[in-house]
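For reference, the structure is listed below as structure tokens.
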Amino acid sequence: MSAQGKLEEWEINKYWDIFSGLKPVNNVLTGDQVSPVLKNSNLSEDKLAKIWDLADVDSDGCLDFEEFCITMRLIFDLLNNNINDVPSTLPQWLVPQSKAHLIEANKAISQPHSKLDDSDDEDLENLGLSTDFDWYISPADRDSYSAIFTANCDRHGRVSYDALTELYQTLSRVPEGDIAMAWNLVNPKSDERIEKEQCLVFLHMLNYREKGVRIPRGVPASLRATFEKATPEFSINSSQAELKPQKSNAPASKKEAFANGYLQKLGIGGNSYSTSGTDFSATKDTDWEEVRLKRELTDLENLVEKAERAAADSKQHGNSYSTSHTALIKRELEQLLDYKEEQLRKAKSGAPASVGETNLKESEEEVNLLEMQVNELEVHQQRKQQELDQLEAELASLRK
């Protein structure tokens, strides 16, 4: 008999024999594959459905080996009268370590959701939360977020949800449910640990929530694709597809830096934080700045060329929305190109540049954002062309 409150090694080996015997595909079993095993238990359909819901932790409609172990243990506990009924929640001892963070996050998200009909809407209004969330991460914020990440990441450059527990405790205006919600947004694959870019966006959400801005309901398609490491599916009509840097209305001097006390506790300091590595952007007495700016100019010129081609295609196919949006992006690219050309002129003439002008990270972010916009436009144009081709084909068939 299985020990109550523990999965024995022999038990796991037995479940593995059953699991592998069902011939999993991509290390998971579908409902059809598991169905014979479930029905052989002679448990009621209602109980089997509850067991499935508990075991399918990531809600993907399939069971991996860990989830299969949960299923089998619950079935055997019922058959052996170790438990009288299917538990309403998964027992803590039965939660796989790799999925513990997902269980907690799902609890945190489902809990406030169940209260929306009662008082959560009122509570949110009383809190006076704003919806003015800005995805753009300023260089100063990026430095702070990077410091937190570096202090807590493992040797593989990844950080777990629990590793930031001390940080969460310093956030007086961020409830636990919102922390879990932000974590789920940057971690669509429900990994136990996340990488640096995911962590920076996660901290950015917490920063805004601490300042009284609600956690967004979703992430832009370009970010989501990065987090999933998959080919992006952009929707240019979505308001979330825009990733433009915006200036906050509140003066920076009147805002306390995010996690300032936590950074000081780490021995880094909040507002005074600076990277200890070599800052090449401060090298003004060499040819480095000129070389860097020339490279940026080349990248921007290529982006402008891509935007012009997309605009020409849109005009040719008569898509007024795409044409206007392309023109807008083209203007933004040209303005940034003019700005970079002015930087290069100053560098050649020896004129001093401001710290912001020589910040390589900021320039790279701007170029990346513009590249995202151009890519979105190209994908959108392709879709519109497909729609046009389909309509023309339908019209042709009607004329016959």
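Glycine too: its Cβ is placed from the backbone N, Cα and C atoms.
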Examine the ranges 260-280, 344-364 and name the one recorded by Swiss-Prot as region 'Disordered'. 344-364
Quick check on the binding-site residues D56, D58, D60, C62, E67: which one has the highest count of other Cβ atoms within 10 Å of its Cβ? E67
Neighbours of D56, D58, D60, C62, E67 excl. site residues, C-beta within 8 Å of centre, Ca(2+): V28, A55, V57, S59, G61, L63, D64
If you average the pLDDT over the domain 'EH 2' (141-230), what number do you get? 89
